């Protein structure tokens, strides 16, 4: 087999894989859109774009359910987790990357050990703790768990990314009279924008997709998040509200999509700045 034939086969396999992957991703989206916009109440998810389309399911979502409460609850939690977690892991990652202090290596290893414990293994402990301190049905407790759960691995990731920024940049800035805060905020931080964008997106997405924690810790129907609220539409096999579920799922994806497109420029600018400074 010559080189040109090998390249052609490689290209065919690549396109075939990407086509199959696209089908796997797009097909469920089409089913969801079909169920959300099709007239009538379907008893099951179906890919059927025939007939009339309507926005009534979206209207019913806000008029007949607590979806607006769930939506606002999730946004508040997601924004809080994103801001606080990104701030904490950025400062922690920078500290581990640039400074040497007592217990540095041991604490990094401890972070890895904590990360090995699955969330499901701690559900009972979270519930008991919430009962003891009166934190059941409280957003601050749920937010704290999300933040704490994301700190160990994300601190490692941020440290690794800070390590890629040459220390010569810090030394040059220090010679010019820059202090620690200025070096961090004005010089190093712009170079790690790609990882900051990834961290922000991950932290923001977590409350939208989590079901177990909110199911355990939130009790009042009006204080639920989107994941638990939407599940209630299809939890009863005798009265499944597939159309409402699909409409709610589409709206739930919008904030994540908006944030992704908003952060895209940070990927590009951060990578460009890194190439220029390095």
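From the backbone N, Cα and C atoms, a Cβ is placed for every residue, glycine too.
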If Swiss-Prot is the reference, give me the range from 53-73, 74-94 marked as transmembrane segment.
74-94
At a C-beta cut-off of under 8 Å, are there same-chain residues at least 6 beyond the transmembrane segment (74-94) that contact it? List them, or none.
139, 142-143, 146-147, 150-151, 154-159, 161-162, 184, 188-189, 192, 196, 199-200, 203-208, 225-227, 252, 255
Tally Cβ pairs under 8 Å between the transmembrane segment (183-203) and each listed stretch (12-32, 108-128, 131-151), then give the stretch with the top tally.
131-151
Counting only residues 6 or more past its boundaries, what in the same chain has a CB within less than 8 Å of a CB in the transmembrane segment (131-151)?
73, 76-77, 80-81, 84-85, 88-89, 92, 111, 119, 202-203, 206-207, 210, 213-214, 217-220, 223
